[in-house]
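Worksheet for the structure shown next.
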DNA sequence: AGGTGTTTACCGCGCC
DNA sequence: GGCGCGGTAAACACCT
């Protein structure tokens, strides 16, 4: 029996859960992260069924994004204004589909309490960076960026961490980073503006960033732009290590049931 | 105002 | 029957 192609679904409801549809959309994007509106667009572009009753399924999809730990909300970069955050997949969730098939999930992806806490702390720090960034841009004295207790910001730590009894306010997972230990740096604009010592040694190239959006309303001073790009790149580094091909391959571009894990 | 995000509740279905 | 999962509805808060 031939497998259904993307087109053959027509107005029929595709056999994918909202989690699978969202994962498809995220994986299909160059940065492995999309705003909600782009996830909607991906789905309606490919599956005509979802061009109707948009309020119903979009509500369900939003519910899934918030409810499932496999989806991570990443604050927008300050130089990319717009509504809503970006959504990406938690790297530990990339194997949640059995044999790589989007038709079947192994089990619900659930973060441990400590992991969730440290992830939230890190993302809150990024959001705080945005506020400080914009305040500084507006000429106001910058608020104390970073975590409320003044702890240091260690990019990517949360995404690579394993379950551990460590308190969330002191994540120390540098040893688990792919490139080896990374020096901690203060999570302030000034610290991020400083030259990064890691760049001086041979290392894997940073994640590719897309060209700047042409409609950025306020041209930012380049150093701040660099700082914004840097923190996003560092955040995404952990994700890209886990999520990007060659881990995953489209088996058939005409359908979406066979993203498969490469061995 | 409308889009986005969170949370709670309920229901149906499949599996054990 | 209990449980886990997926889908849906709805209320509410927040943000642009």
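Each residue, glycine too, has its Cβ placed from N, Cα and C.
These figures come from a predicted structure and were not determined experimentally.
Range A:194-216 is the one annotated as region 'Disordered', of A:194-216, A:217-239, A:240-262 (source: TrEMBL).
Ranges compared are A:98-139, A:140-181, and TrEMBL records region 'Disordered' for A:140-181.
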